[in-house]
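Asker: Not my notes, these are from TrEMBL:
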type	residues	note
DOMAIN	A:205-371	domain 'Helicase ATP-binding'
BINDING	A:CYS430, A:CYS433, A:CYS470, A:CYS473	Zn(2+) 1 binding site
BINDING	A:CYS439, A:CYS442, A:CYS457, A:CYS460	Zn(2+) 2 binding site
DOMAIN	A:465-628	domain 'Helicase C-terminal'
Amino acid sequence: MSCIVEIALACPLRQTFDYLSDEPVEHWQPGMRAVIPFGSRQLIGIVIAIKPVSEISTDKLKKIEQQIDKQSFLPVEIMQLVQWVSRYYHHPIGECFQAALPKKLRLGDSDEMQTETYWALQQIPVNKPGKKQQQILDLLEDYPEGLSEKALRVQFGNVKSSLTTLAQQNVITAREHVALPVPCLELQQTVSLNNEQKQSIEKVLAEKGQFSSFLLHGITGSGKTEVYIEICREFVENQQQVLVLIPEIGLTTQFVERFRHSLAANIVVINSSVSDADRKQAWLLARSGKADIIIGTRSAVFTPMLNPGLMIIDEEHDSSYKQQDGLRYHARNVALMRAKTLNIPIVLGSATPSLETLYQVKLKRYQLLKLTKRAGGATLPNVKLIAANKTADNNGLSSVLINSIKKHLQQNHQVLLFINRRGFAPVLMCHECNWQANCRSCDAKMVVHQHQNRLFCHHCGLIQTLPKKCPECGHSELKSYGVGTEKIEQALTAIFNDIPVLRIDRDSTQRVNAFTNMVKQINQGQAAILVGTQMLAKGHDFHDVTLVGVVDADQALFSADFRATEGLAQLITQVTGRAGRGKKSGEVLIQSEQPEHPFWKNLLQDGYEAIAENLLKERIQMELPPHGFWAVWRAEAQEADLAMQLLQQVAELLQQTASPVMILGPVPALMEKRAGRYRAQLLMRSADRASLHQLIDQHIEAVSKLKLARKGRWSIDIDPTELI
DNA sequence: AGCACGCCGACT
DNA sequence: GTCGGCGTGCTC
């Protein structure tokens with residue numbers, strides 16, 4: 001008996017499509033994949049529902065070409081989660097499924113797990129085994145379930161011939177088994193925890209098996225990772241899976257390695273450095289319950305689990321949890337929603353929690369867990385503000401800072417200098433005619449990169465050769481202004497010529513292993529100066545750094561984005577936390593052209609918590625998020641004004657309905673032109689979430705039918721975190 | 001989004 | 001005479 005199958009497709013349409021199937025109803029389940037004809041194309045879709053009749057007349061329905069999955073594919077929980085995401089973010093359902101699936105599975109790969117050869121002991125050898133053979137046998141003794149050939153190869157190198165010999169003698173046997181991640185063969189002893197850590201662990205474990213949200217607010221270096229690990233240990237022992245989300249930063253290996261060295265568990269990692277094949281395997285291992293711990297970036301929030309027990313969001317304040325194009329979801333919020341429906345606890349961890357999260361703590365929706373002491377008895381560094389003067393200083397470095405660097409290097413310590421701009425200098429000018437190197441596709445200046453002898457636009461990626469003379473008037477003296485990592489690197493090399501200066505930014509770490517090699521060199525502990533962007537600020541544990549210098553921190557104080565101050569407070573607190581993490585005590589020097597700005601006094605005297613409290617009060621007073629709810633319509637188009645016109649029409653549509661929602665704009669984006677496109681936005685503000693979503697739902701279809709909507713790109717951003 | 005269909009300018 | 005430009009409309 002045939003049936004009607006409702007299918008979500010990977011196209012930007014806010015609807016599903018019905019198809020006829022020859023298969024009987026009972027062969028179908030929501031969540032399965034199917035190949036279907038769509039227009040003149042062939043697509044893969046996800047089954048949303050199976051039904052006896054369609055609202056579309058039967059003669060218009062096409063037949064399903066192929067049923068890809070014969071058994072359930074996406075669990076009901078993920079189906080509901082993705083559908084919730086589609087409704088909440090007002091994004092086409094098919095594209096939401098795209099975001100939730102690993103590429104290979106999206107493209108129709110079989111959902112069978114990769115297998116590999118596992119070896120296990122069979123009987124005592126008769127002949128005396130060779131040296132390598134003996135090593136293998138010794139190790140296998142500890143693993144009665146067997147070890148994968150891959151794991152043995154990682155440990156002993158080429159093992160093929162040894163294994164063949166041992167197998168011929170029936171000492172060991174081979175068996176095909178689902179490929180699990182290579183286990184860590186040498187577990188470290190557990191570290192001793194302080195009382196705050198122990199209490200935090202207990203409080204989370206007390207909520208096992210029910211929804212409960214926690215903020216683990218631990219100062220930098222207070223041992224949050226150890227708390228996560230000990231909580232995980234308990235869940236793993238109970239055969240429950242843990243999903244750990246981490247920010248998208250270059251190096252997550254440090255974090256992952258600590259888990260691997262501490263827990264005898266199957267730990268899979270899903271981040272950008274993992275191949276498509278491994279991603280698929282990790283996803284399948286999680287779905288089957290064979291992965292105990294899943295560590296991944298933003299999109300891993302959609303990973304299915306057979307026995308979910310807990311979710312952890314590390315560095316919950318990090319902006320990379322919010323996707324800034326396509327489906328603009330916030331992984332932290334999706335995780336909270338998921339934890340609620342799964343009825344499991346969720347832990348958000350940070351040294352610098354977002355105001356959103358602190359607001360929830362204030363409303364008593366999250367339990368607060370605090371770690372106020374640095375682990376291992378390390379002390380927080382002493383922080384000082386230096387008045388910097390642009391014109392008088394040596395390439396942006398004040399003499400106070402240089403003298404201090406000298407002092408720390410003499411003690412054979414390491415120094416970290418933070419400057420949040422890569423390249424040599426952000427401005428190139430002609431003295432004669434006032435010409436300036438601007439990007440032709442963006443409202444932005446080109447940045448001088450001296451190493452490559454080029455000009456770069458950091459917004460669209462435009463590359464030009466560095467001009468030798470002014471393209472306007474031909475004058476040969478072009479001057480650059482401002483500082484970037486390259487200039488600081490150059491200045492320091494000139495001053496401290498016998499000390500290695502390591503520049504760590506996107507340019508210097510592009511080559512494979514460049515970053516890992518630099519980290520290795522740093523960890524050897526000799527005196528060195530590290531110059532870097534926020535790549536350096538996030539999460540690294542450099543034990544020999546005793547001085548942190550912040551070269552140019554002020555820009556954010558004058559930003560038009562009301563969130564900039566929050567971001568600056570977080571960044572400074574995080575950078576500050578890089579000093580004195582080992583046994584040596586640390587010092588931090590912050591150069592500012594605005595040392596009198598109340599922000600600094602507030603942050604340095606009272607700390608992050610206090611400044612966050614003040615900022616939150618301000619936001620509540622001014623009815624800014626997290627108090628009240630926002631949504632932004634964004635549009636961009638190749639032609640000037642088109643985006644504004646489109647949003648003007650959207651505003652007119654929205655205003656046709658009487659609603660408590662405030663409509664503001666449209667206005668051009670702060671940087672109106674970017675990558676050759678003109679951008680604009682339209683803001684919606686509301687005191688309650690429901691009216692905001694209702695108003696969007698009422699008009700989104702009419703908006704997508706607007707003529708101008710086809711000419712430019714448009715999107716809607718729920719709970720925006722950036723006003724661009 | 002893709003893709004087809006359709007109706008107007010500079011080319012083998 | 002055609003190739004191809006992108007405006008418009010549709011996709012169960």
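Heads up, the Cβ atoms here are built off N, Cα and C, so glycines get one too.
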Asker: Applying the rule Cβ within 8 Å of the centroid of the Cβ atoms of A:CYS430, A:CYS433, A:CYS470, A:CYS473, what extra residues of the same chain belong around the Zn(2+) 1 site?
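Answerer: Counting only non-site residues, the set is A:HIS431, A:GLU432, A:ASN434, A:TRP435, A:LYS469, A:PRO471, A:GLU472, A:GLY474, A:HIS475.
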Asker: What three-state class does DSSP give A:CYS473 (Zn(2+) 1 binding site)?
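Answerer: Assignment for A:CYS473 (Zn(2+) 1 binding site) reads coil.
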Asker: Out of these binding-site residues, A:CYS442, A:CYS460, A:CYS473, which one has the fewest other C-beta atoms within 10 Å of its own C-beta?
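Answerer: Taking A:CYS442, A:CYS460, A:CYS473 as the binding-site residues, the minimal 10 Å Cβ count falls on A:CYS473.
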Asker: So which of the binding-site residues is most packed in, judged by how many other Cβ atoms lie within 10 Å of its Cβ, out of A:CYS433, A:CYS439?
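Answerer: Sorting the candidates by Cβ neighbours within 10 Å, the top entry is A:CYS439.
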Asker: The domain 'Helicase ATP-binding' (A:205-371): mean pLDDT?
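Answerer: Per the prediction, mean pLDDT sits at 96 for the domain 'Helicase ATP-binding' (A:205-371).
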Asker: If H, G and I count as helix, E and B as strand, and all else as coil, what does DSSP give for A:CYS430 (Zn(2+) 1 binding site)?
Answerer: strand
Asker: Helix, strand or coil at A:CYS457 (Zn(2+) 2 binding site), per DSSP?
Answerer: coil
Asker: I'm trying to understand the geometry here, so how far is the Cα atom of A:CYS433 (Zn(2+) 1 binding site) from the Cα atom of A:CYS439 (Zn(2+) 2 binding site), in Å to the nearest whole number?
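Answerer: Taking the Cα atoms only, A:CYS433 (Zn(2+) 1 binding site) lies 18 Å from A:CYS439 (Zn(2+) 2 binding site).
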Asker: Between the Cα atoms of A:CYS457 (Zn(2+) 2 binding site) and A:CYS430 (Zn(2+) 1 binding site), find the distance and write it as a whole number of Å.
Answerer: 18
Asker: Hey, for the Zn(2+) 2 site built from A:CYS439, A:CYS442, A:CYS457, A:CYS460, who else sits with CB inside 8 A of the CB center?
Answerer: A:ARG440, A:SER441, A:ALA444, A:MET446, A:HIS458, A:HIS459, A:GLY461, A:LEU462, A:ARG674, A:ALA675
